[in-house]
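Below is one structure, written out as structure tokens; the observations come after it.
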């Protein structure tokens, strides 16, 4: 990784985050969806994005698979590459929050250290860790991409939940039961956003 160049300095923008938030009528923040593959992260995040759009809230969904088609296309699934994947997404999310958006990110992000890294990037009150807690057996039964089947057959190595560890969040900002209806989980998230004064009541 390249070292920071002392000749590269931060350039302050004339329009502040607060001014953008005032214009849009809501605060910028990241909801970081974490959980096993097949837990429902992308499904719940997508439902929340639709709900926010209907409420007139400017939002954007960063999906774990989608970013690997572009921003992170050069990365694999080693521990170092996973960390860099999360770092890049965290930096993009931080820029989006500065633009006043509500950012939804759906990533397995199996390690607590990487999730904490992004929390530290965002600062107090801007990072909401959403743990989509779905039992491994349920995730494996769903297996929407056929990845568990490949992992069990030894065709896919370093797969989270099978031969790579998933570190359960110890202090998630919201703990969702991934076996509940998506509509119910979406309501829970909207209630949280209102309670934290990110969107209007």
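Any Cβ shown, glycine's included, is placed from N, Cα and C.
Here Swiss-Prot flags 35, 36, 37, 38, 39, 40, 41, 42 as ATP binding site. Sequence annotations record features per position, and here Swiss-Prot assigns active site, phosphoserine intermediate to 109.
Annotated features taken from Swiss-Prot, shown on the structure.
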residue	record	Cβ neighbours (10 Å)
35	ATP binding site	28
36	ATP binding site	26
37	ATP binding site	25
38	ATP binding site	24
39	ATP binding site	27
40	ATP binding site	27
41	ATP binding site	28
42	ATP binding site	21
109	active site, phosphoserine intermediate	28
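DSSP assigns residue 42 (ATP binding site) to a helix. Close to the recorded ATP site, the chain also has 106, 108, 132, 134, 139, 178: residues not among 35, 36, 37, 38, 39, 40, 41, 42 whose Cβ is within 8 Å of the site's Cβ mean position.
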